[in-house]
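Record features, source Swiss-Prot:
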- 60, 62, 206, 294: Zn(2+) binding site (BINDING)
- 89, 179, 209, 294: substrate binding site (BINDING)
């Protein structure tokens, strides 16, 4: 299949290239040039008044929690979890997770997110939804080490990895996911580390999300979560650490030296009153940072454009520094950095020889005029509804805002029904 995107502007490694033509051959970007005289083109997409940029990457979410969107808001975290979310999650079925995941994938595609990292339950159903939809994902079975036999818990994650890692021609990756230091004792974490080394897998975990978590871990082990994880060797394998809100300068050095990828979830951290991660210091120490939404019950959407704008504005205010996290840095966090953290090589950049993983943003709208600086407009003005076309591995998943593979109406109907049936269930 040879696709030609004509007359398009291209965001390429920090610059905007105007009036280009992108030739896609199968799943690869074959050529970016001003030449239009290509032979044997199967499909043409008009790119006038559009910008092509790498598809967005959500580095941390719990996708099927779409079913709980708006169910419990404006509550303290402990009450939110113990009285609202956990009792409902205990009633989830595999089919609930399947439809909740498809709803989340619909939302993400419509907003230009083409890859995500997910940690939840019934992950075979999430993998099935990813497989059917055409997007990319790094999936993990959330493992609570204190909830039973450690070997049985670990085997759930291992079996899932054996079945799904590198499935769908590499579109699906698997990480092992010990939930967090406060739910996974060192004895369990050491088993996870050994298995990750044996299977050549990365690890996805929550780390230093709240002040209470950090203080509790210090009281139990005499170390902060980051120092504890460093001591037991977690960072000797590739790690995706979600949140890292409460980390000091020395811990940031550890994250940098060990190459830990951090999923920064600014909106969820604010909504749950967790705090604000020291992202400026992390960037200065060259910690690789991606952006995440966290679960849609604590955000409450899967809109990476909101996270892009927030990371570029929030830290300016917190640091009282108007040049902190410039627009290009924010876009890189949401694209190139995210793909690298999730383990998708040869993606995250629009460049010849790279995977054809890209989106087209319609800039022929009032909030993109005047066009003084289109990179700034993408960060400070763009909306998820501006995304016109989504292409993953050379396959068109959405064009002119119409989903090409998923049945949006059916998915919304099924997810809505299951969400309310779940709440009624005793």
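Easy rule for this one: first residue shown is 1, then count along the chain.
For all residues, glycine too, the Cβ spot is worked out from N, Cα and C.
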Handout entry: Greatest C-beta neighbour count within 10 angstroms, which of the binding-site residues 60, 62, 206
Key = 60
Exercise for the section: Out of 60, 62, 206, 294, give those binding-site residues positioned within 10 angstroms of residue 179 (substrate binding site), comparing C-alpha atoms, in sequence order. Expected result: 206
Handout entry: Non-site residues, in chain order, whose CB comes within 8 A of the mean position of the CB atoms of 60, 62, 206, 294 at Zn(2+)
Key = 61, 119, 242, 243, 263, 265, 268, 292, 295
Fill in the blank from the handout: residue 62 (Zn(2+) binding site) sits from residue 89 (substrate binding site) (Cα to Cα, rounded, in Å) at a distance of 12
Completion exercise
Here the Cα-Cα span from residue 62 (Zn(2+) binding site) to residue 209 (substrate binding site), rounded to a whole number of angstrom, reaches 15
Problem - Fewest other C-beta atoms within 10 angstroms, as judged across 89, 209, 294, which are the binding-site residues - result: 89
Exercise for the section: Mind giving me a neighbour count for residue 179 (substrate binding site)? Other Cβ atoms within 10 Å of its Cβ, every protein chain shown. Expected result: 18
Problem - Separation of alpha carbons, residue 209 (substrate binding site) and residue 294 (Zn(2+) binding site) (Å) - result: 11
Problem - Three-class DSSP secondary structure - residue 206 (Zn(2+) binding site) - result: strand
